[in-house]
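Peer 1: Please read through the structure below; I'll follow up with questions.
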C-alpha cells in the first residue's frame, strides 16, 4: 500500500524574492529549542490536526459528492504552517486559527516547534514502513529574502531551498516538477501544469508513505467482483479477500456504519469506515474529532470470518485556493496579505495552492512472527463477524500510531 501527496503554494509579488542557493539539512534544529518544542505534546498536535482534517474533508466531499476524495492533511497543514512563519498579524492569525490552534492558549513558537519535532520524528528511518516527508522553497533569483525566515524554515521544517528563474516559466516548472517527482518516486510527475511569470516563490511539501499490511492479503485469493457505486450502478473490481482475520472492529449503530482497523508493520494503521447503503452523507455530516476518538477507544479485536476489500489506485488534484477561503484563510490570496516576514515588505500574496495525492491499495505485505502470534492468541475471542464486504463507498483514515497524526484521509466512491 502506498500513499503519496504533494502540495505547492505559488506566490506572486511586485518584487520577486530570492534565497541563497543551497540544500538545507534535516538535522539542524537549534539546541536551545530541543526542550521547548516538546511543550506542544504530539497528541495535542494530533487532536488539532484531526479537527482541521475533518473540516477540510467535509469541504472537499461537499464539492465532490460522487467522486473519490484523498488528501494529506499533514502535508497541507505543514505547508500552511511554514507560510505562517512568513506572515504577520491578522494574516498569520487566519492561517493558524484555520489550522485549529487557539492562540490564547498556545504560542506561535510552540506551534512551530511542535511541527518541527513531529516532522523530525517522521523523517527518522524505520525498519517496517517507508515515510518520506519534506518541504522545499523555490525562490526567484532577483532579490534576497530575510535570513530569519530562511533559518526558521531550515531548522523547524527541514526545508530545502533552491533558486529558480521564474521568468523562464517552462524551465522553472520542469525544475519543480522534477524535484517533486523524484521525492515521490515518480508517483506525482507533474505537480504544476503551468506557472505564471509573475511567480516569486513556490513552497512545496510532499509526503510519501509506503506501508505493508501486518497481515497481508494473498494475491491468489483476489477475484473479480461487483462494487456498487449506488443502488442502481456497479462496476467490476479486483476484490481482495482474507479469511479468519482477527483485527480491531466496532459496529456503530447510531451512525449506521462498521469501522475496521488494519495495522501496518511499523507504527501506522488504517481505519476503514463502511457506512450502510445510502448512509454515507449521514456519517460524513456527523464526523467530529470526538467521533474518531470514540471509534478508536471502542475498537475491540474481533474475528472477521471473511474480509473483502477492493484493490485500487486513485489520484486526486485540488486547487485549494478555492477551498481554503471557505475555511477562513482569505488574506493570503489578496493584496492585503502581509507576508513581510519573508521579504521585509508587503509585496507577496499567494496566487495558487495545488495539492495532489495518490492512493494505492493492494495485497502487499509481509507476514511476521508478531502478526502470527497475535492472530493465534486472539482466536479464543467469542465474537465473530461473518462477512465484512467493502463493496460500496467507504472512507479511510491513515494515522501514525505514536502521535496519532493523520497522514491521509479519503473516500473511495469508485475504485476503478
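Glycine is no exception: its Cβ is also placed from the backbone N, Cα and C atoms.
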Peer 1: Looking at 337-364, 365-392, which one is region 'RCL' according to Swiss-Prot?
Peer 2: 365-392
Peer 1: Of the glycosylation sites 102, 182, 220, which sits closest to residue 267 (N-linked glycosylation site) by Cα distance?
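Peer 2: Closest recorded candidate to residue 267 (N-linked glycosylation site) by Cα: 182.
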Peer 1: Report, as a single number, how many Cβ atoms besides its own are within 10 Å of the Cβ of residue 220 (N-linked glycosylation site).
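Peer 2: There are 7 of them.
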Peer 1: Between the Cα atoms of residue 220 (N-linked glycosylation site) and residue 182 (N-linked glycosylation site), find the distance and write it as a whole number of Å.
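Peer 2: So the Cα of residue 182 (N-linked glycosylation site) lies 32 Å away from that of residue 220 (N-linked glycosylation site).
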Peer 1: Tell me, how many other CB atoms lie within 10 A of the CB of residue 102 (N-linked glycosylation site), whichever protein chain they belong to?
Peer 2: 9
